[in-house]
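Enquirer: I am attaching a structure below and will ask some questions about it afterwards.
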């Protein structure tokens, strides 16, 4: 039991303790504990990823099992990057991403700020506000189509009630100009609470003593807000933006149920487009290349963003 | 309560409370509308303008759980008078119940796959998290980051090779396949969260146990596990809610056998046209447990969300 | 047992019993779309279960996912379905990829002849290649796009007078597509009994096959052809002919002036909803909904009328729907599945099928002197079935359909480009697909 390798593996275990351990060595236990997880992740995450990369250089199609599969080199990538429709879906995705993040950060932060005033019963109301994000986006998204119905839908009726417009005169999910906003509204309703919770954690992490010191210096509340609250909460805000950004880049369930990508291609986000290519047209090779491009994009953007985030944290 | 300069004034509190409660009520309206629609008659559900006060009926729930056929006179004669209240409801619409619908099965699938994957995920996750927390695992940081980064992939992109793999292994449209898949998807976040909870447990406890003659295994399940129980519970809730709500994989990889409720509910149709009360009834039964859960476990849940996101 | 047989008085049951006695009891699964007729089929099949001793299960998938799910099942050689009531366009793929069992020998051995069925349904649902006597299905459910209208509104004297003054003719069943558009425009935004109503609900759905099933009703009648009749797969000048462009422009004009706001992604279900809730004066829809309309408390019981797709400058056609029933070649219970088809083909069963709301394609049923008057929509069904045309039924139909969905939807609903550009684009897409398939 004096094997140096085991000593190394049990580094965290205090000196002199290792030799007292009976049964399996720490190293063995470590592997027994980690192996199933690693195996499952390899099988379900890593192996498919490699397979996708491999397929992306072929013209394989699932629905043509009898066709011979050919290597086509970079043709799939060339086709995707030169396809104007793909750029249109990227634009739709960008519109969705940018506006959901802006709205959710604004509303989420405001709510967190208000909740942090610790009025009576604030935790119950916080819980109620959190409801939407706990629910199934597909099921709720499906019901939002009902709320958005002209005439019979509650949303149109409410808008009409407050603006005096005819509730049948506009259709949130049927109109080319309104549909991109319909999905932004539904997503904001659903995910603002998430941003709110993160912001709340940020606000609560600011020690009272800083405010007390500022108060002694006779800094105005307004000034305290801009010089203490915002800078201290900024890393949390940025984190919330990161998570919402990644999640909404992947967005599928809510939007597919709401608009199905229409009208036209106005709400065809990349995931919806990818689903069409992969599971309706069954262009497996082509859509694998598409998936790889998406992965590289989100991974690249996220890495850059995380670097920026770390800089802010260090300040 | 002692006076403090940072304690907001009563007027500020009133104002803040007013705004937050106002937002909460607006946020609730769509959910209340779902629940209310489940108790409307089909005509009330598509009434213009939308009706707020209506005569509640269980027709939506009857339609949710049954398949119905438009009755011919011959069929009505053969069937005789309705013997149950739900048959009566169907008869009032000129239909006869031909059998139970698929909703019950789909709901049960959601339960099996949700709880199955959560249990598996907790077993594997706790073990891995313990190892990551207490032992020096080669390439630990890279491994952890890589595990987490796999969540950045859009599910549709992941689904392409999974679909092919499952097909070759005969896992398409099986409970086992979905349990393994959801476990794998949840595992990265679970390990991440659980490692944080276990890190918080002082290592001295185990040392004491080891000195007392416990083996590593015994120290793990007699000392660490009880300490980490709350953390494990709140992680489990996350996994359960994810698996419960998941749609993209479910719609692509399941069909007749292992389909869960989320892909099924939007496809509920009536005898003619979309049966919104039945859809709403299905949604209500599916969503309300999560809402109740959220209220009951709000402390752990809210802490878990921020904890998971804010760490590191 | 004896008394039960006589009380149900089903000769078909007796016949099936003799067949079944030789086979062991099996659990058969029949796959179809989840819709009204499917529920009727469950009811009808109880007769088969009682007679044959086999047990029937059903797998019904809602229309939007029907093709995706079932084609996936077939492509992966799945054994979920023993019997498949697959959409008419699948027949090419079903035959060429070996998903369906060829039924010629079975038909011959059991004296089932396709001459007994409506010719359009045989071509549409059973044959591959088209117009050759190679059968992969038995016509199961005849369906066609037609129109439903609010007879009670059309008959209002004040509306009739106003319409006459405006258009110089009586308000009634339109004789042409152009007239139909006038009527839609006439009702658009009109106040009837205190609610605003609209002209017509038409197919615009993007995700599956909706807008294609709708727009073809205009395209055909304005001169669109799928290919050069002389030279297969020659598309240029046929798919994008001047007539085809006019037809597409017509459909967009109808969408712009005569449909409810927000009806940008509507298919069968949404159209029914709009019609039943009294939002529209007319709706385009497959005939399967007519029994439901007739029985509806709001719009049924004589308030509604039915008419076939009106003619256009190039003739009068209507989009074929409907399905044939096939035996899946991956099934291990093919004998029992064939028994079901044999039972289903009997005239008595087909008559009962019609009675339950299933559109039988058997001539003996539809040519019965009492048929045309048996239901208010029966005559319209017959007239419509006489003018049907179907979409491509090639093995690559799903690809062909996706291209058409996208091109047409983007022009009609989103207003991208011109009709000519949309159809030119469609020619390019389709040519590429046929090249990939090695047909060109």
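Keep in mind that glycine also has a Cβ here, set from the backbone N, Cα and C atoms.
Given the structure is predicted, the values throughout are model-derived calculations rather than measurements.
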Enquirer: What range among A:155-177, A:224-246 does TrEMBL record as transmembrane segment?
Expert: A:224-246
Enquirer: Choose the correct range: of A:29-51, A:52-74, which one does TrEMBL annotate as transmembrane segment? Give that range.
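Expert: It is A:29-51 that TrEMBL annotates as transmembrane segment.
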Enquirer: Pick from A:96-115, A:256-275: which range has transmembrane segment per TrEMBL?
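Expert: In TrEMBL, residues A:96-115 carry the label transmembrane segment.
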Enquirer: State the non-local partners of the transmembrane segment (A:178-203) in its own chain: residues 6+ outside its ends, Cβ under 8 Å from one of its Cβ atoms.
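Expert: 92, 95-96, 99-100, 103-105, 107-109, 111-113, 115-116, 126, 129-133, 135, 137, 140-141, 144, 148, 170-172, 229, 232-233, 235-237, 239-240, 243-244, 247-248, 251, 254-255, 258-259, 262-263, 266-267.
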Enquirer: Can you work out which residues elsewhere in the same chain, 6+ from the ends of the transmembrane segment (A:288-306), have a Cβ less than 8 Å from its Cβ atoms?
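Expert: Apart from its flanks, the transmembrane segment (A:288-306) reaches 49, 52-53, 55-57, 76-77, 80-81, 86, 238, 242, 245-246, 249-250, 270, 273-274, 277-278.
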